[in-house]
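Quick notes on the structure that follows.
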Amino acid sequence: LVLELNQVIIPSYGTVPDQQNLHTPEWVDFDDKTDSLFFKDGQRRIDFVLVYEDESKKMTHKRGDRKKQKRKRQVYESNLINNGLHLEATRSVLDEKLIFVKVHAPWEVLCTYAEVMHIKLPLQHNDLKTRDSAFNWFSRFFRVDENIIKPEQEFFTAPFQKEHLSNFYIQDKDTFFNPATRSRIVHFILSRVEYATKNNVKKFGINKLLDTGIYKAAFPLHDSSFRHPSSDPNCPSERYLLYREWAHPKNIFKLQPLDFIRKYYGEKIGIYFAWLGFYTNMLTVAAVVGVGCFLYGCLTKDNCTWSQEVCDPNIGGNIIMCPQCDKVCTYWNLNITCESSKKLCIFDSFGTLVFAVFMGIWVTFFLEFWKRRQAELEYEWDTVEFLEQEEQVRPEYEARCTHVVMNEITQQEEHVPYTACGKCVRMTFCTSAIFFWILLIIASVVGIIVYRLSVFLVFSAKLSQHISGTEAIRKYLTPQTATSVTASLISFVVIMILNIIYEKVAILITDFELPRTQTDYENSLTTKMFLFQFVNYYSSCFYIAFFKGKFVGHPGSPVYWLGKYRNEECDPGGCLLELTTQLAIIVGGKAIWNNIQEVLLPLVKNLIGRYSAAARSEKVVARWEHDYHLQPIGKLGLFYEYLEMVIQFGFVTLFVASFPLAPLLALINNMLEIRLDAWKLTTQFRRMVPQKAQDIGAWQPILQGIAILAVVTNAMIIAFTSDMIPRLVYYWSFSVPPYGSHSSHTMKGYINSTLSVFNISDFKNVSKPLSPWFGNEVTCRQVYRDLRYPPGHQHQYEHNIYYWHVIAAKLAFIIVMEHIIYFVKFIISYAIPDVSQKTKSKVKREKYLTQKLLHENDLKSVKKTMGKIDNKIIEGADSTFRHKDE
């Protein structure tokens, strides 16, 4: 798609053409206009800025390297001029070694490349009438003041064609292409202009020059300072308006000016903030329902019969529990878990079941309505046909193209970086590396488990000295609680450390894999990073939810890890409270850590650069020099922002049955996240090169996969982690005859009937406690609800009928809940179309206008021309026949 213009190329990095054949930028001095966005003539707008260090003043060891870099730069700039761009060079005010090359694209170049890039531009005003809904009337209280940021005019658009220039809505040639589009076109040219050849392989593009250090930076300009409007009356000061009306903390409850964000930063930034804002708005509903379920648990905890029995000194106080570890642990009374049982009643209630079902449906509504919203943005932002454009090959891929193969489609030779065998070797190595690092993550989780098992012995010996303790802290700080909290904190620290390491590992593996385009690179990295992060963040939660306390045997025959550590047991009420603690620490800690990291790092870097520059000079500095000292956005752009939010989405959906306040924490975090991300973009980073984006990319199928998995995990949490199913089975079946002794359905006696009895004389020497037995009791109770026959029974210590009833009920519950939610999800997905009727009408109207204005005019001109030819042919034929007749 690149126009083949005459360019000067360095052959094989060797000799340079005669310097007289090279075009050079115009050299000018800075005119002290700090807010100017134009060349010195005040007419040509600066569309891009290139920064390099004067080769004659570089402190490098080899003089030949400096000359070679200078040759490449000069040829590159000459080829830019040959492509029609205007260049103007100015030396830095603060650092004489730095040279700023300003780039301007004239009208002819913009029109040419707009057609090459299939950029859609306005044809005429949108004449479809829209009706304001009740929601629009309500939302106007949260929208940005239209007198400050005026709404964007709606146009019907079509891919630009120079031959149909008169059909496009052009009022002013200087504003027909907005600054973001101009910068995008210039970057397209910069990425394709050649500067050298080596072994018949062309070297081109600004990215490669940046990687090799020939240029230090390349970026479009911010249009003003974020602190005050521009002094230039022709400048709209859009950056200042974005900071004031979007990024400032006072706007935390306002809707985002998405069209204005897209206009300034491009569609890729716009679609991210549109998705994040939509996700945050949907979280409002989930947070309200989650808080309602939490309050329901708080209000009903005093009516929790089984918790009352635990706390009752005549019931829980008389139940002696077996030691939870070998030798050093002692016997203890059930009522010391009174406080944890009360907390558990808050989260392990009927509201939890309702909320889990609600979230399974909520996530479907979220994804389906986002598809509709995304379709609207695709039309409004002209990205519907974006994928039809040819994407640029990555310079890293192009630089390694040394093998020649035959293209099956074009039947022409082309260069590739590896053979089919080499590609298989790379894929095998990358896959092996991925599995190795995942196993390393699992090994770290095993390490945390071993810590829990070993430290529990210490806490049991120090904290749980049976029932004679009178300290107030004892009823809150049980061995299980102390182990859970410390292990969660250590797990969080390990997760953060591994997170930093795995980011670098994933990038190295993807670089070695060598994807062809930037989209391929980002999708490959997205898959690897999410896979790493999924195992890293969620593995400890999966262990607590589905493995801890499930395979422990019984006091007479416990199960050991690695033949040494006795497997962990849950509290008498199950592991749900521990899972809640783990989620609260990880979700809350992750949000605080990420926000501090995102704010402090760029702020400190910019402050250091600002103070060092101020120490050198107090001179007036140009806009391009101000922007140069800001932080670059990085090659991956918004990748880490998406990753952070998708990981959070997993916490909100996968384990929400154990922590109904997760959506509220996520909502608060996201309200801050939107403004922090906006603050970073407008104040701390250089302006990004505007990029097209049709959707959120590979993150969409990841979100859909999480939504499907969330139904299964929440059903299993309620069935296997919470105590809801055993309580329901007891209430409906085992509290009344033939299994129970109560005359009506009740929860009374639940604790006594579910804690299995064990005879202390059956302890093996390995696990028999060293502390003396007290009282006249000869039995103790198992900590967990293992539901076994008592000693003396012909099937002693084997699972009783209650256990099998519970297992059957759990499996039935999982199957029923999954099928109901999946059925509702299917109905919702079918009932909600991906594209609204309003958007369909706009698309059809636009296609009709494009057909009418661009194509029918061509047909009319063709018919007119053909008519003239027909008339001439007829006239010629008539004259011939008349001549014969004569």
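Cβ coordinates come from backbone N, Cα and C, glycine included.
Here TrEMBL flags 38-258 as domain 'Anoctamin dimerisation'.
Residues annotated as domain 'Anoctamin transmembrane' in TrEMBL: 261-846.
What TrEMBL lists as transmembrane segment is 272-297 (among others).
According to TrEMBL, the transmembrane segment annotation covers 350-370 (among others).
Within the chain carrying the transmembrane segment (434-461), a Cβ under 8 angstroms from the stretch's Cβ atoms is held by residues 323-325, 328-330, 479-480, 482-484, 486-487, 490-491, 494, 498, 502, 505, 509, 528, 531-532, 535-536, 539-540, 543, 561-562, 565-568, all 6 or more beyond its ends. The transmembrane segment annotation in TrEMBL covers 434-461 (among others).
Remote same-chain residues near the transmembrane segment (481-502) are listed as 340, 437, 441, 444, 447-448, 451-452, 455-456, 459, 463, 529, 532-533, 536-537, 540, 578, 581-582, 585-586, 589-590, 593 (criterion: CB distance under 8 Å, separation of at least six residues from the stretch ends). Summarising the annotation, TrEMBL assigns transmembrane segment to 481-502 (among others).
Taken from TrEMBL, the feature transmembrane segment covers 529-547 (among others).
Feature annotation from TrEMBL assigns transmembrane segment to 645-668 (among others).
Taken from TrEMBL, the feature transmembrane segment covers 696-720 (among others).
Taken from TrEMBL, the feature transmembrane segment covers 801-824 (among others).
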Within-chain partners of the transmembrane segment (801-824) [C-beta distance under 8 Å, separation at least 6 from its ends]: 356-357, 360-361, 364, 711-712, 715-716, 718-720, 725-726, 728-730, 733-734, 739, 753-754, 786-788
Mean of pLDDT values spanning the domain 'Anoctamin dimerisation' (38-258): 85
